[in-house]
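According to Swiss-Prot:
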BINDING   N767, E770, T798, D799, E907  Ca(2+) 2 binding site
MOD_RES   S38  phosphoserine
MOD_RES   Y294  3'-nitrotyrosine
MOD_RES   Y295  3'-nitrotyrosine
MOD_RES   T441  phosphothreonine
MOD_RES   S531  phosphoserine
MOD_RES   S580  phosphoserine
MOD_RES   S663  phosphoserine
REGION    575-594  region 'Interaction with HAX1'
REGION    787-807  region 'Interaction with PLN'
REGION    788-1042  region 'Interaction with TMEM64 and PDIA3'
REGION    931-942  region 'Interaction with PLN'
TOPO_DOM  1-48  topological domain 'Cytoplasmic'
TOPO_DOM  70-89  topological domain 'Lumenal'
TOPO_DOM  111-253  topological domain 'Cytoplasmic'
TOPO_DOM  274-295  topological domain 'Lumenal'
TOPO_DOM  314-756  topological domain 'Cytoplasmic'
TOPO_DOM  777-786  topological domain 'Lumenal'
TOPO_DOM  808-827  topological domain 'Cytoplasmic'
TOPO_DOM  851-896  topological domain 'Lumenal'
TOPO_DOM  917-929  topological domain 'Cytoplasmic'
TOPO_DOM  949-963  topological domain 'Lumenal'
TOPO_DOM  985-1042  topological domain 'Cytoplasmic'
TRANSMEM  49-69  transmembrane segment
TRANSMEM  90-110  transmembrane segment
TRANSMEM  254-273  transmembrane segment
TRANSMEM  296-313  transmembrane segment
TRANSMEM  757-776  transmembrane segment
TRANSMEM  787-807  transmembrane segment
TRANSMEM  828-850  transmembrane segment
TRANSMEM  897-916  transmembrane segment
TRANSMEM  930-948  transmembrane segment
TRANSMEM  964-984  transmembrane segment
Amino acid sequence: MENAHTKTVEEVLGHFGVNESTGLSLEQVKKLKERWGSNELPAEEGKTLLELVIEQFEDLLVRILLLAACISFVLAWFEEGEETITAFVEPFVILLILVANAIVGVWQERNAENAIEALKEYEPEMGKVYRQDRKSVQRIKAKDIVPGDIVEIAVGDKVPADIRLTSIKSTTLRVDQSILTGESVSVIKHTDPVPDPRAVNQDKKNMLFSGTNIAAGKAMGVVVATGVNTEIGKIRDEMVATEQERTPLQQKLDEFGEQLSKVISLICIAVWIINIGHFNDPVHGGSWIRGAIYYFKIAVALAVAAIPEGLPAVITTCLALGTRRMAKKNAIVRSLPSVETLGCTSVICSDKTGTLTTNQMSVCRMFILDKVEGDTCSLNEFTITGSTYAPIGEVHKDDKPVKCHQYDGLVELATICALCNDSALDYNEAKGVYEKVGEATETALTCLVEKMNVFDTELKGLSKIERANACNSVIKQLMKKEFTLEFSRDRKSMSVYCTPNKPSRTSMSKMFVKGAPEGVIDRCTHIRVGSTKVPMTPGVKQKIMSVIREWGSGSDTLRCLALATHDNPMRREEMNLEDSANFIKYETNLTFVGCVGMLDPPRIEVASSVKLCRQAGIRVIMITGDNKGTAVAICRRIGIFGQDEDVTSKAFTGREFDELNPSAQREACLNARCFARVEPSHKSKIVEFLQSFDEITAMTGDGVNDAPALKKSEIGIAMGSGTAVAKTASEMVLADDNFSTIVAAVEEGRAIYNNMKQFIRYLISSNVGEVVCIFLTAALGFPEALIPVQLLWVNLVTDGLPATALGFNPPDLDIMNKPPRNPKEPLISGWLFFRYLAIGCYVGAATVGAAAWWFIAADGGPRVTFYQLSHFLQCKEDNPDFEGVDCAVFESPYPMTMALSVLVTIEMCNALNSLSENQSLLRMPPWENIWLVGSICLSMSLHFLILYVEPLPLIFQITPLNLTQWLMVLKISLPVILMDETLKFVARNYLEPGKECVQPATKSCSFSACTDGISWPFVLLIMPLVIWVYSTDTNFSDMFWS
């Protein structure tokens, strides 16, 4: 039924044709069940395991690898001779990588689907209904409830469907609907129509929503929506419809994959076309098809070389290390890619209750009467320290601590707070914190009594459990609570009737009252000044109300409660306690004692975190279900708004936002920093508008209502104390529910991205080198310098270790003084592309050069000519060009070993280059990142392992090298450091952003100035090695003069 909240009880009952006392007939139930179905959220039809596995292979990079593996497998099948077994290694390793990748992907997908299933925990199992087949209430399965059913609910029940209240059977009905609306306190319900058809859920005071809990009272109602038509069902539909946004890094890698696939395709085709003339060479037995297949194999090797197979593993490792560091800071990351996304967060949309505030109501101000002279009076105003439920804090007057037992008015005020109260404090030993038992407002009063300690109770030596209610217990021993007059909407107060535990002539029964100031003070005829009772005058009343109004609308926007007593109440026998309409008569002729002002206080550390966000160019937006006045006041206290800042067009309620046209809504999201009284749909809409401005949005939430927006935003952040739905829909969970933890996580995310950039560039330059190597080999007609299994080893193992170690580079000191990076900023800029292309070309040329050196100039090598090397496929006994050359020499493992050793060594040098993007190695020596030094040593050890430990040389088709050959490897590899140092110098002095090329006027370029900051231990360590390497003769020059 649409807009049931706007209809009268009679209209709603008439719509369903039902009588409140008898309920639906079985025939009606059957028809309604057929029309509306079961009252449950349908199980999400998850993807099958096969569908999930297939989905993992939709990534372009993965498809290229899969194609390469399949082709390699087919080619290996037709391989002949000794190479048959080794030929299968390559496709097997590639498939192993892909399977591991798919397993991780499927596992993450399965986790994501749990979010929707977690909603089921809010579905009640049973419900109490009236139906015509029985005269009394009956318990049935909640899923069998239909629209039109008459339902009974009472304290402790979970609401089984969306219900329009028809009658309340207790004094009041309180409902905890925080999981749905985010309201921090339970809500009082009534049965009157709410005429506004556009009312938000918080304002539908005559409705109960499925999955919420009854905090107090008993009522009857008619079901108006079941299953997916309930408010919680709509959230489920929204979650199902919400597509998970890909993180900026995932998008970058997708783009990189596309570009790479195009480049690979072009190069593979080019290599194959270049060699068409060689298809009929004698080595292929004169068969054009065999020649075509041979060069197709080379093209496949090229594809393997071009794909950075180690990249996914290195990224995962770096992100995983980042998550461990974040977990130590109480940020538990559920989705690895979101670690990097945190680094470019530009907007944080934060919940108020529990995140920016403690979600622990505390009394921070109170007053009692000091003096009354005629129509004027003065007040004793006090402030209270401590902003949690811990009974630790002091009462201050004029910024000095006071002893509360010295003020009679405070003793009576504490007595009212302790007795007119059904809540308590409890120490949770597992968590090590004090928690509320009962209502937040009443717990704040319980905590106040503990801080006041009006009877000077000895508290030393008490355990934390005993300490929780020590002072309250002393007061409760003095008087016995006989009965309670529950809160009602008409009088806006509640009271307790108490009798002394030790009756005497002076001590009599009393009624203690607390409630909304305007309701209580209107019924006060007297005021308490010290221990005397003085008549209330209009002037005194005006003074009291002006202070209360100031507290309620000032910078704190306190929630005020007036406290009063009835010194001579009627006897219990004279009262009619069955009818709550009479309660207001018994709560008249009251004596005003004092007033307390409370709030859900901001966390102490939040203000500094908001300031840090502003420095880092991150906008903080508060989004709350609370009212606008309170929200703006908290914003001012924590620095989202300035103390006197005009909040027009910067703060909106959900209703005000809805009344704007779409373009005005979009404009509002661009400028606003506070949204109050919002519904779940508003949060999702705000995220959409922010995303339309290319903002990277982090959204916090803890309730079921937050789940769709958490899923839609780039970074969904759930509270550790939040619902399972919110946690499973999020990328990150805050173990301590603290806003400051988000800021720490953003800082960590920025550091991780900077390091990730370094190792991605390092790996890509390595792959460029491998591509250039194979392309040059094919273009020059040389024998294979590197084979696919060797390339896989380099990409996955020897390159992977230093790349992972680059993730340990220390973060920049000014990392939170820079604006968020643009998520569209390319991983590799034009200059960097040139730089790594240049390095890559050198790597490729050096690798091919090392193999050529062995053929042309090495001692113990065949010493063939360049022509013979580039036409080796024409080598046969009757060819005069190859007279005296053993054709088997072109299949020797030595040149391949030289090429692989140069590739590995040059990549280790390249890892040192990646220690800093633009800083020289002379100023930033390798031991700045000790993990990098360790990983380089480990990589080289693994390379020695495959060279010198049988049977690994056979698998990799290589052979051990002697000292002269290793010196040659070093000669060819070390120049890459000099080359990159030159490029860094250009970047530092001419291309660095914001760098002005101005000649310093004050500092002459003396020797000391030029050598300032150089690490001399590094220079002294490296110079002897370089001199020794280049002074040893290895016939290097012979290669060029042969």
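Using N, Cα and C of the backbone, Cβ positions are placed for all residues, glycine too.
Where Swiss-Prot records a feature, it is marked here on the structure.
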residue: S38; record: phosphoserine; Cβ contacts under 8 Å, 6 or more apart: K143, D144, T226, G227
residue: T441; record: phosphothreonine; Cβ contacts under 8 Å, 6 or more apart: V185, M361, R559, L561, M598
residue: S531; record: phosphoserine; Cβ contacts under 8 Å, 6 or more apart: D408
residue: S580; record: phosphoserine; Cβ contacts under 8 Å, 6 or more apart: T171, L485, E486, S488
residue: S663; record: phosphoserine; Cβ contacts under 8 Å, 6 or more apart: none
residue: T798; record: Ca(2+) 2 binding site; Cβ contacts under 8 Å, 6 or more apart: V904, E907, S939, L942, H943
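Tertiary proximity for the region 'Interaction with PLN' (787-807) is limited to same-chain residues at least six positions away from its ends with a CB under 8 Å from its CB atoms, namely 72, 86, 89-90, 93-94, 97, 300-301, 304-305, 307-310, 313-314, 317-318, 321-322, 752, 755-756, 758-759, 762-763, 766-767, 770, 896, 900, 903-904, 907-908, 911, 914-915, 929, 931-932, 934-936, 938-939, 942-943, 946, 955-958. Of the candidate ranges 49-69, 254-273, 964-984, 254-273 has the most C-beta pairs within less than 8 angstroms of the transmembrane segment (757-776).
With helix defined as DSSP H, G or I and strand as E or B, the region 'Interaction with HAX1' (575-594) counts 7 helix, 5 strand, 8 coil.
Between the transmembrane segment (49-69) and the stretches 254-273, 897-916, 964-984, the greatest number of Cβ pairs separated by less than 8 Å involves 254-273. Per-class residue totals from DSSP over the topological domain 'Lumenal' (851-896), listed helix then strand then coil: 26 helix, 0 strand, 20 coil.
Counting residues 6+ beyond its ends, the transmembrane segment (897-916) has Cβ neighbours under 8 Å at 758-759, 761-762, 765-766, 769-770, 773, 785-786, 790, 794, 798-799, 802-803, 805-806, 809, 839, 842-843, 846-851, 853-854, 924, 926, 928-929, 932, 935-936, 939-940, 943, 947, 956, 958-961, 965-966, 968-970, 972-974, 976-977, 980-981, 984 in the same chain. With helix defined as DSSP H, G or I and strand as E or B, the topological domain 'Lumenal' (777-786) counts 4 helix, 0 strand, 6 coil. Beyond its flanks by at least six residues, the region 'Interaction with HAX1' (575-594) meets 171, 366-369, 409-410, 412-413, 416, 483, 485-486, 488, 490-491, 493, 495, 511, 513, 520-521, 523-528, 533, 536, 544, 562-567, 569 of its own chain at Cβ-Cβ distances under 8 Å. On a Cα basis, Y295 (3'-nitrotyrosine) lies 17 Å away from E770 (Ca(2+) 2 binding site).
According to DSSP, E770 (Ca(2+) 2 binding site) sits within a helical segment. Tertiary proximity for the topological domain 'Lumenal' (777-786) is limited to same-chain residues at least six positions away from its ends with a CB under 8 Å from its CB atoms, namely 271, 274-275, 278, 295, 298, 301-302, 305, 770, 847-848, 850-852, 869-873, 890-891, 895-896, 899-900, 903. Highest Cβ count within 10 Å among the binding-site residues D799, E907: D799. Taking only the Cα positions, the spacing between D799 (Ca(2+) 2 binding site) and Y294 (3'-nitrotyrosine) is 28 angstrom.
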